[in-house]
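So that you can see what the record holds, here are the features copied from TrEMBL:
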type	residues	note
BINDING	H112, H114, E118, H157	Fe(2+) binding site
BINDING	H112, H114, E118, H157	Ni(2+) binding site
COMPBIAS	7-17	compositional bias 'Basic and acidic residues'
REGION	1-20	region 'Disordered'
Amino acid sequence: MAVDSAPRIDRKQESDKNPAASVPIRAWYYNPTDDPPDLPHEYTPNRIVPVEHLKELGVLTWTQIETEDYQTNKFLNNIKADRGYNYEEVLTVAPGKLNNFEALTKKFFTEHLHEQEEIRFILDGIGYEDVRALDGQWIRIEIKKGDLIVLPPGMYHRFTLDHNNYLKALLLYQGTPCRIQFDQSPVTDSMEVRKEYLDSVLLCKGNEDEKWKEQSHEEDGSAAASYTPMNSLELTTTNLSFQALTV
């Protein structure tokens with residue numbers, strides 16, 4: 001079964017193994033204690049972040065996607081076709097499985113951005129994607145087996161494993177694979193992709209404000225807002241052997 005918090009796609013040919021369910025991805029505000037990064041860093045009580053807020057920040061998530069025979073999973077393949085993910089590879093992040101494990105995992109946890117989307121389908125294990133909200137707070141997103149997460153270009157984020165030190169993921173790409181990491185600095189703050197990201201989030205927020213205004217008018221008998229879904233991208237999914245440098 002599968003749960004999505006992203007724009008709906010055509011599911012007429014969706015696999016029977018992936019009926020819609022009701023379990024959103026887990027996310028909460030990161031508690032900046034001195035605990036190691038691989039611990040949950042939850043507040044007491046925990047400060048849950050709803051999936052709707054993640055969407056406002058540009059983060060798309062699906063959960064409970066079957067990982068067995070994922071190559072032929074129609075639900076996953078529909079997402080890949082719809083969003084134009086036409087290159088992929090499997091990467092295992094674990095001691096003995098990833099060259100320069102200590103150095104790379106330290107790098108992954110450095111605040112950074114990319115010029116392309118970051119797309120991860122988790123085949124096994126557990127990790128945390130921390131994303132920087134516009135108010136400066138970190139939001140921790142737990143990613144585990146069956147979860148698919150998309151981070152937008154220009155969003156500051158970081159990644160760490162949980163205490164089990166193991167994650168196996170399918171990495172997806174649009175077009176030519178490129179995963180250069182730009183660490184946060186005044187230079188990256190001024191990058192065009194960062195400005196475009198901020199503009200898109202503010203625009204999205206403005207649209208949401210208008211949406212609620214329109215809904216309020218509708219209750220008074222006025223016309224409701226109209227929304228156009230993302231255009232479907234008809235690209236063929238293929239495989240490519242590519243050594244990823246970041247998660």
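Cβ coordinates are placed from backbone N, Cα and C, and glycine is handled just like the others.
Note that TrEMBL annotation is computational and uncurated.
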Going by C-beta under 8 A and a gap of 6 or more residues, the same-chain neighbours of H157 (Fe(2+) binding site) are E111, H112, L113, E118, E129, D130, V131, R132, L151
Quick tally, other C-beta within 10 angstroms, H112, H114, E118; top of the binding-site residues is E118
